[in-house]
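What Swiss-Prot annotates here:
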type: DOMAIN; residues: 1-42; note: domain 'UBA'
type: REGION; residues: 44-207; note: region 'Disordered'
type: COILED; residues: 72-164; note: coiled coil
type: COMPBIAS; residues: 72-114; note: compositional bias 'Basic and acidic residues'
type: COMPBIAS; residues: 129-169; note: compositional bias 'Basic and acidic residues'
type: COMPBIAS; residues: 176-197; note: compositional bias 'Low complexity'
type: DOMAIN; residues: 205-284; note: domain 'UBX'
Amino acid sequence: MAECSTLESLIEMGFSPSRAEKALAATGNQGIEPAMDWLVEHEDDPDIDEPSVVVPEDSDSGTTDTQGMDTCEERLPLTEEEKEKQTKRMMELIAQKQKEREEREKRERIEQEKQRRKQGQELSAVKQKIQEQEMQKAVEDRRREKQEEKLARDRVREKIARDKAERARRFGGAGSEPISPPAEASIPATTPSPSSPVQEPPTKKEYDQCRIQVRLLDGSALSQTFRAREQLAAVRLYVELNWPGGAPGPFNLLTSFPRRVFTEEDMEKPLQELGLVPSAVLIVARK
């Protein structure tokens, strides 16, 4: 009778018959409170609504079951006070389990957030390391480029110095002074006869120096005097070394009239051969 009363009480409290039967079987029919505790604790079990397997008790006849059922049917319903008490107990258990579940979920969320932050910090560290490596590589590349540019300028300077030394050796260290012709006193003076006048052929004037003006990108200009036999590379080097604030990058040299863009091959040619003597205006243009 007690078992039947407990089962019906659980059903009256809103539990399904299958859950109520399973709770009583799991708690060994120890009463309504253990059954309610079990129901609240196993509320989220996936198999909570599956029918329980009931092992029939060994009995001499079926009369006992019939009597038990009759007894259940004859049981008086719970009083309002008993229902209220049991309902209150059930609500307290449900509230307690809900609180425990919320606390557990909160701890899980905190742990997940810790893991997320840890992974984010690790990812940020990896990204920062990659950026530092890329920056270091860029610095090394730029340092190597500057070193190569310096070596190239040094080679041009050395070549210019060798050319100057060679000219000094050839012309006896005359420097920028033009070669002096033999003194007129050493040539015997002869008076041409009126009948046979002497006509001297016109002589082409040779220039040993040339004045170069270079117009920069911003409209300003650089001016310098070079030897007529110096290479055009000397002019480019002069521009690179004297450009206010440094050259912004690779550039070409050209003349406007007649228009001519000088190539890398032209850089090895003397100014005299390029037609820039005795003076010329060169224009800087970006490559």
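Even glycines carry a Cβ here, placed using N, Cα and C.
According to DSSP, the secondary structure content of the domain 'UBX' (205-284) in residues is 14 helix, 31 strand, 35 coil. Secondary structure of the compositional bias 'Basic and acidic residues' (129-169), assigned with DSSP and counted as helix (H, G, I), strand (E, B) and coil, comes to 41 helix, 0 strand, 0 coil.
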